[in-house]
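Undergrad: Per TrEMBL, the features are:
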TRANSMEM  A:132-151  transmembrane segment
TRANSMEM  A:158-180  transmembrane segment
TRANSMEM  A:186-206  transmembrane segment
TRANSMEM  A:226-248  transmembrane segment
TRANSMEM  A:260-280  transmembrane segment
TRANSMEM  A:292-314  transmembrane segment
TRANSMEM  A:326-347  transmembrane segment
TRANSMEM  A:359-379  transmembrane segment
TRANSMEM  A:399-416  transmembrane segment
TRANSMEM  A:428-451  transmembrane segment
Amino acid sequence: MTAPDSPVELESQFAQWRRYVQRRRELAQPDADELEDHLRGSVDALVAAGLSTDEAFLVAVKRMGSLDELSREFAREHSERLWKQLVLTGSGTVDARSRRDLRALVLCAVGAAVSVRVPELFGVSLEHDGAFYGPNVGVLVLPWLAGFLAWRRQVRRPLLGVLVALFMLGAVAANVYPLAETSQSVVLTSIHLPIALWLVVGLAYAGDEWCSPRRRMDFIRFTGEWFVYFVLLALGGGVLIAFTAGTFKAIGIDPEVFLAQWLLPCGAAAGVVVAAWLVEAKQNVVENIAPVLTRLFTPLFTAVLLAFLVAVVWTSSGIDVEREALILFDLLLVVVLGLLLYSISARDPLAPAGPFDRLQLALVVSALAIDVLVLLEITGRITEFGTTPNKAAALGENILLLANLAWSAWLLLGLARRRTPFAALERWQTGYLPVYAAWAWIVVLAFPPLFGHV
Amino acid sequence: MKVAKDLVAASATPMVLGILAEGESYGYAILKRIHELSGGELDWTEGLLYPLLHRLERLGCVEATWRSATGERRRKYYRITDKGRAELAEQRRQWDTVVGALRDIWLDPHDRGTLPAIPLEGLA
């Protein structure tokens, strides 16, 4: 016998063993307890037979066989455990915190749903006043989402004040200018104000650490997952609406007004908050899906862009740049940026550059090449025919995205040549977020007076 | 001699139900009992026993409770249910048939002569 056996030592061995077992998803906590009891039974018997506790423990563990084999056997009986389940309600293990979460969620979701209908009390019609609802939808719904997140993060008072001030600024921007329903500025505000306010939501999401690149990257991840969940909820809502419409029509009641005026807008508003709650609740439960989609589509988009470039050179035809085309190419840059962002969000910061990084470089460079062609064309147009709010906004966005992607390409090149660390790329992207916010606010606040409210 | 894995697996359910029919028990004790009964010839692992117990629990053949008997650790005790007894009776009937048939073949050398080789080949 080497060292004096102590119960303390044995307990620490059991604790270590328990940690190993708990890492196995196939073995739930009660199973681990049961197996530990078994192990203790074996150890006791072996000690009674004359072994030291150390030896007894080793022999008992050895007899139990490898954990791999054990978990495989358990998995055959409990295959459902391999599918991680998101427990929403019901089970007795729901703790006080998640119950409070649920209450806050219901409050905020109902608040968002009701807010959408509140303007009707003041004679604004959801059906006819698009000029009101377009710019205001973000102002009505997103404060509830920001409130939910701020509540979860327990943000401090000064930041809370900033959040409230920014949403009020948004409300002012949406309503202060006398814009006609058909004006370009109404459309621009309807697009840019929600973006600006979404970044305010990001402020609530990051809480007091909004300066930290890690938290900003978390918000980018959150945005991607939120989008995926929102689309899933929307699909479910679509099925609900289809069945409501079909079944009620069958008995001679036309539910169209209810569906269009109540269920759809209120459901969508509540869905914004519910999707956020789902992302928060399932953070540790389900793999992030946005990076997976990115992996699948990056090669395909690269192939399409390269094919397009080859076709442009081959046919030597200029790009026919109408306004729609410029917006299309803006969206293309947004997609490329999204592909870049979400693969960054899932990448191990310390991993060396691999083939996928080079593929991304190809994607970004081909997108840049296409965009330069488009920009050359469009600036010619603007100098020739003068500018409108739409053109100015589209051009500004194009330049913003171009600058972002150009520097990203440079950093990716450095990464591929192993000169730049990956963190530089991450810092660049997270540092760029305020630029988007600033631009969105400029479009919302400065464009209408600048262009004479057209 | 060790009993083949397939045979261990096939006899696992009636073995566990049979032991639980003697009285409620827990995993380690069940395994020890099997060891005693077979004189150490039946090679049971934890990976066989516990998933089987959980399956029987899911099927309603046994009930499980966590509690601590006087002076003992907290354990998961298993108790056979009425459904489990019915299952055991059914399994027992089947095993009696198999064992009876095998005994007839092996213990009746006067009628049958030596082990019949040709029919066995036909079965394989």
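Every residue gets a Cβ built from N, Cα and C, even glycine.
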Undergrad: Given the cut-off of 8 Å on Cβ pairs that are 6 or more apart in sequence, determine whether the transmembrane segment (A:260-280) and the transmembrane segment (A:292-314) share at least 3 such pairs.
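TA: Contact between the transmembrane segment (A:260-280) and the transmembrane segment (A:292-314): absent.
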Undergrad: Counting only pairs at least 6 apart in sequence, do the transmembrane segment (A:292-314) and the transmembrane segment (A:359-379) share 3+ Cβ pairs under 8 Å?
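TA: These two stretches do touch.
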Undergrad: Tally Cβ pairs under 8 Å between the transmembrane segment (A:132-151) and each listed stretch (A:186-206, A:326-347, A:359-379, A:399-416), then give the stretch with the top tally.
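TA: By Cβ pairs under 8 Å, A:186-206 leads among A:186-206, A:326-347, A:359-379, A:399-416.
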Undergrad: Checking distant contacts: for the transmembrane segment (A:326-347), what same-chain residues at least six beyond its ends satisfy Cβ-Cβ under 8 A?
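TA: Sequence-remote neighbours of the transmembrane segment (A:326-347) are 217, 220-221, 224, 288, 290-291, 293-295, 297-298, 301, 305, 356, 360, 363-364, 367, 370-371, 374, 378, 391, 394-395, 397-398, 401-402, 404-405, 408, 422, 425-426, 429.
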